[in-house]
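To keep things clear, I will list the structure first and then write my remarks on it.
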Amino acid sequence: MYDIKKWRHIFKLDPAKHISDDDLDAICMSQTDAIMIGGTDDVTEDNVIHLMSRVRRYPLPLVLEISNIESVMPGFDFYFVPTVLNSTDVAFHNGTLLEALKTYGHSIDFEEVIFEGYVVCNADSKVAKHTKANTDLTTEDLEAYAQMVNHLYRLPVMYIEYSGIYGDVSKVQAVSEHLTETQLFYGGGISSEQQATEMAAIADTIIVGDIIYKDIKKALKTVKIKESSK
């Protein structure tokens, strides 16, 4: 079993987006710690299976971040289950999880399931609109969410998601200072080695996604954060 606490860098691939064989090979051979498959729109059983089968040829951990029940399938090393803490819709807190457990609970290996305390911070992002997230958050709000995740819910992961834009470093830093047990994931807008380095100095693990499809060379440079210690 892989130890996710050792992961500093994850590439996130969207099954609804095209990636060439050459680019996928470069991503999977880049020394990233893991590949995560996940997205918001058009995540289907077919495109998840297709992408999974392409990535499975490489010897690195493979994660499915669950966005709907229909696309859940065996074959992944881990299943990351988001609970969107700042969503106004209970479905994105635990409603979808409840339905998944009713359907698959008898066959789940819970050692493979990681619950993520998500906070969505970009009001203009698809994920914010889809999850009906309240993104008007102060630093104090984020600190309170961090305390909730770390001390009360005791979730293994807190994911600060800026989805499409580079986040407020001071707010991410404030969250980090309240997490003593929970692992801090940061995702959103990382498009350069400098931004990757800046966020990796704060978060335990950075997630790099969109830049893969815009500039593969810049995406690959973000892996250099692994050369330095946090």
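Note: Cβ is positioned from N, Cα and C throughout, glycine not excepted.
Database features (Swiss-Prot):
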type	residues	note
BINDING	Lys12, Tyr159, Ile160, Glu161, Tyr162, Ser163, Gly164, Gly189, Gly209, Asp210	sn-glycerol 1-phosphate binding site
BINDING	Asp14, Thr40	Mg(2+) binding site
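Locations of recorded Swiss-Prot features on the structure.
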residue : record                               : DSSP class
Lys12   : sn-glycerol 1-phosphate binding site : strand
Thr40   : Mg(2+) binding site                  : coil
Ile160  : sn-glycerol 1-phosphate binding site : strand
Gly209  : sn-glycerol 1-phosphate binding site : coil
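What surrounds the sn-glycerol 1-phosphate site, by Cβ distance within 8 Å of the Cβ centroid and not counting Lys12, Tyr159, Ile160, Glu161, Tyr162, Ser163, Gly164, Gly189, Gly209, Asp210, is the set Asn122, Ser125, Gly167, Tyr186, Gly187, Gly188, Ile190, Ile207 from the same chain. Sparsest Cβ environment among the binding-site residues Asp14, Ile160, Tyr162, Gly164 (other Cβ atoms counted within 10 Å): Gly164.
Listed in sequence order, the binding-site residues from Ile160, Tyr162, Gly164, Gly209 having a Cα within 10 Å of the Cα of Asp14 (Mg(2+) binding site) are Gly209. Summary for the binding-site residues Lys12, Thr40, Gly209: the Cβ-based neighbour count within 10 Å is maximal at Gly209. Ile160 (sn-glycerol 1-phosphate binding site) and Thr40 (Mg(2+) binding site) have their C-alpha atoms 16 Å apart, to the nearest angstrom. Thr40 (Mg(2+) binding site) is 14 Å away from Tyr162 (sn-glycerol 1-phosphate binding site) when you measure Cα to Cα. Rounded to a whole value, the Cα-Cα separation of Gly209 (sn-glycerol 1-phosphate binding site) and Thr40 (Mg(2+) binding site) is 13 Å.
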